[in-house]
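The transmembrane segment annotation in TrEMBL covers 79-98, 105-123, 129-147, 159-175, 181-200, 212-234, 288-307, 319-343, 363-382, 550-572.
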Amino acid sequence: MHLLFAGYFPNSEDKLGHDYAFFIPSLLDGYLWFRQNGLLTIPWFSPSFCGGQAFFADPQSVYFSLPQLLTFLVDPLRAVYWSSLLMAAAGFWGMYVLCRNGFQLSLLGALVAATVFMFNGFFCHRMLAGHVTFQAFMLVPLTAFLLAGGRQSDRLRSFDLAMTLSAGLVLAYWLQSGMAVLVLPSALAVLALVAMLDIRRPGALWMAFRRGIVAAALALALCSTKLVGAITLINRFPHNLYPLPGLDSFGDIAKVALMALFMPSQQTFGIAQEDWRSQEWVLLPHEMAYGVTLIPLLVILVGLVRWARSRPRSAGGRVWMRAAPALAMLTLILLLPLALLFYSPGWNAVLKSLPVVGTTTAPIRWLIVLLPLLALWTGMALEQLQFRRAAALACILGVPLLTALEDRTFYEQQATFDPSAAVAFYQAVKLGEAQPGIHRIADARDPTRSEPVTMDALVRGESPLWCYNPLYGYRLEAFKPEPLREGPILQEVGDGALNLRNPACLLYPEENGCEPWDAFRVDQREQALRFASYRPFAFELSTLQRVANWVSLVALLVVVGVLLVLLGRWLWGRLFGALA
């Protein structure tokens, strides 16, 4: 994985993928807050972008995530690279453990499944493009194991409690790491793996349901602070601005899905581009990147034929009857991503009316539901082959090799972000050679401005007014720049307002006696200065938000307490077990 990624972080021209222009400054912004206030003070708002905006409540904020935590130690460039490698490793070992301990596959079968999953095209190419919030998708196999791994006899024992607690922490990480748009398809991917396990080992689905209820409740409690804030913020902006792209024939759906899952993304893009209907935005090659190469497809087909010929006929009916609920669930999950790809005006209207689904601009992303299954099926199919070692070697070496040799001209051309200014400023702040703070609003549309405005303007003490934030729409349809303009933050811009937005008015305007998009008032100068210096300032929360904050705090204390008890019981058993 390092050999695949190293040449892109940065590339030969010292550039990164286009969306790192959003995430690298965001990680730097989080570091500046951490340096001023420590880890446990929530960064509700940020002065670094859009003249002041919500930070923690933004669904895509990543303050409590692996990339951000690494940024507290190393610069943002190394943080995103290291976190990508660590999440790739988590995907590999999660799939390996699930296959070995859950599905009881051989060593070779588990290694093959783990390799196929680690090198899936979705993760690889999203990291090249800069979609940091998608990293946590690689935790899907681990989550499935935590929910359904172990034995039925483990109920109510320390192991069962530890597995449930760990699953809850992983689900909480999904929510905290900004993976908002992928939480539901990732959850379906987990459910699909569990359904497969139930077919092979009866009772797995019930175990996952039992653990999952507790784990989900724990995750919601831990993340209630963020969830209440995020829902409040989202409801202030339209989130169904664009139609859903789709394909109007089942033949096109099959063609695009198969190509996306097994062919290089640029080739899929070139062939499928003319087939899409109702496109507001061109679905670029990284939206077609899911491929695991043709090798797993070949192994699965050959293994399926071998299995069909060798399975005992007499017991087949009983097995399928017992597995009927899991099979029905698995079938529905497999059909859902394909159904979301179908386009007709009536079906499009139905999908647009649905929560979560209606807000997406690329339903093809739901193909990620199939990626863990393809990896698992490859490992299971390998078990059926006579030439198992040769096939395993072809997968373990061939899949990474074909992935590495894939044409990535698009990914080289879209790498337009230069991280050097952000990295240099990070180092200067860390050494005490620079003092963080926002002093000016930078308006890219101001005719008097002589230099371009980018998202990393915070390194110059500027907050870009016309910033990039999907929350406001890709064309900033829901964004209101007024009353801010080019100039110092403490200048008056009319009606007793300073040239810095009061972000509390975006989140809780009623509680703070203001309107959305209002700026700090002249009499709030000290609050504005604290905000501009990455310091907390006084503002009012809603009653629901206060309750959510307490729920998160209590849940965190409970988790810490239970972990300490489990650790104590484990140490006690190890100590006295050894003495005995």
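Just so it is clear, glycine is given a Cβ too, placed from its N, Cα and C backbone atoms.
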Among 159-175, 181-200, 212-234, 288-307, 319-343, which stretch has the most Cβ pairs under 8 Å to the transmembrane segment (105-123)?
-> 288-307
Close approaches to the transmembrane segment (181-200) from elsewhere in its chain (Cβ under 8 angstroms; 6 or more beyond its ends) = 98, 102-104, 133-134, 136-137, 140-141, 143-144, 147-148, 174-175, 208, 323, 325-327, 329-330, 333-334, 336-337, 356, 359-360, 365-366, 368-373, 376
When you check the transmembrane segment (159-175) against the transmembrane segment (363-382), do you get at least 3 Cβ pairs under 8 Å, counting only pairs 6 or more apart in sequence?
-> no
Look over the recorded stretches 79-98, 288-307, 319-343, 363-382, 550-572 and say which has the most C-beta pairs under 8 A to the transmembrane segment (212-234).
-> 550-572
When you scan the chain for residues with a C-beta under 8 Å from the transmembrane segment (363-382), skipping those not six or more beyond its ends, what do you find?
-> 95, 98-99, 103, 105-106, 108-110, 112-114, 116-117, 120, 122, 137, 140-141, 144, 181-182, 185-186, 188-189, 192-193, 196, 244-246, 256-257, 260-261, 283, 287-288, 290, 292, 296, 299-300, 302-304, 307, 333-334, 336-337, 340-341, 351, 357, 388, 391-392, 395
Cβ-Cβ under 8 Å with the transmembrane segment (288-307): same-chain residues at least 6 beyond its ends | 112, 116, 119-122, 124-126, 259-266, 268-269, 272, 364, 367-368, 370-371, 374-375, 377-378, 380-386, 391, 394-395, 398-399, 402-403, 406
